Amino acid sequence: MSVAAGDKPTNSRQEILEGARRCFAEHGYEGATVRRLEEATGKSRGAIFHHFGDKENLFLALAREDAARMAEVVSENGLVEVMRGMLEDPERYDWMSVRLEISKQLRTDPVFRAKWIDHQSVLDEAVRVRLSRNVDKGQMRTDVPIEVLHTFLETVLDGFISRLATGASTEGLSEVLDLVEGTVRKRD
């Protein structure tokens, strides 16, 4: 088998994921029909479902990929810096709209919610490790448990993503992030 032929399934899978991300972001989970997924990916329904089985598994694959990517960025830079990056260059964070769809599915689909917990745990662990590391360095406040700081940052992130994805004004958001950072940092 040639190298090019060997690469084709991986490329096809990645092309499907990229097209599906655009489709879910534009039309939402419910609006991302098979026809729209075919158009967005440039692949047949047979190719799409060969790789992912069904629409839910395709969506979960996107969610898993996005959670892993975000966990990597969080572990290096912290969640507030991720939000600063989103504010400065929202196009780089194409997963924002998909994350909104994930939130909607979590509210309405208990089966999806059960499957999502494993994917979210990757991101949660990255945030906890980062917070713990910063506590050990003496940079974080210690009068509240790490879990409370984590929940606070996650809540801010969800609102931040919602605001950016819906096109609401970003005026003052940089100062809001300064406030968030000051809130979780050690007080002198």
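Glycine too: its Cβ is placed from the backbone N, Cα and C atoms.
According to Swiss-Prot, the domain 'HTH tetR-type' annotation covers 10-70, on the basis of sequence analysis.
The DNA-binding region feature in Swiss-Prot is assigned to 33-52; the stated evidence is sequence analysis. Per DSSP, the DNA-binding region (33-52) is made up of 16 helix, 0 strand, 4 coil.
Secondary structure at ASN134 (citrate binding site), as computed by DSSP, is helix. Look at Swiss-Prot and you will find LEU79, VAL80, ARG130, ASN134, ARG185 tagged as citrate binding site.
Within 10 Å of the Cβ of GLU181 (Mg(2+) binding site) there are 16 other Cβ atoms, across all protein chains. The Mg(2+) binding site annotation in Swiss-Prot covers GLU181 and rests on experimental evidence.
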For the domain 'HTH tetR-type' (10-70), what's the mean pLDDT in this predicted model?
91
Including all protein chains displayed, how many Cβ atoms other than that of VAL80 (citrate binding site) lie within 10 Å of its Cβ?
21
Closest of LEU79, VAL80, ARG130, ASN134 to GLU181 (Mg(2+) binding site), Cα positions, binding-site residues only:
VAL80
Top of the binding-site residues ARG130, ARG185 by count of other CB atoms within 10 A is ARG130
Span of the citrate site, taken as the largest CA to CA distance across LEU79, VAL80, ARG130, ASN134, ARG185 (Å, rounded to a whole number)
13
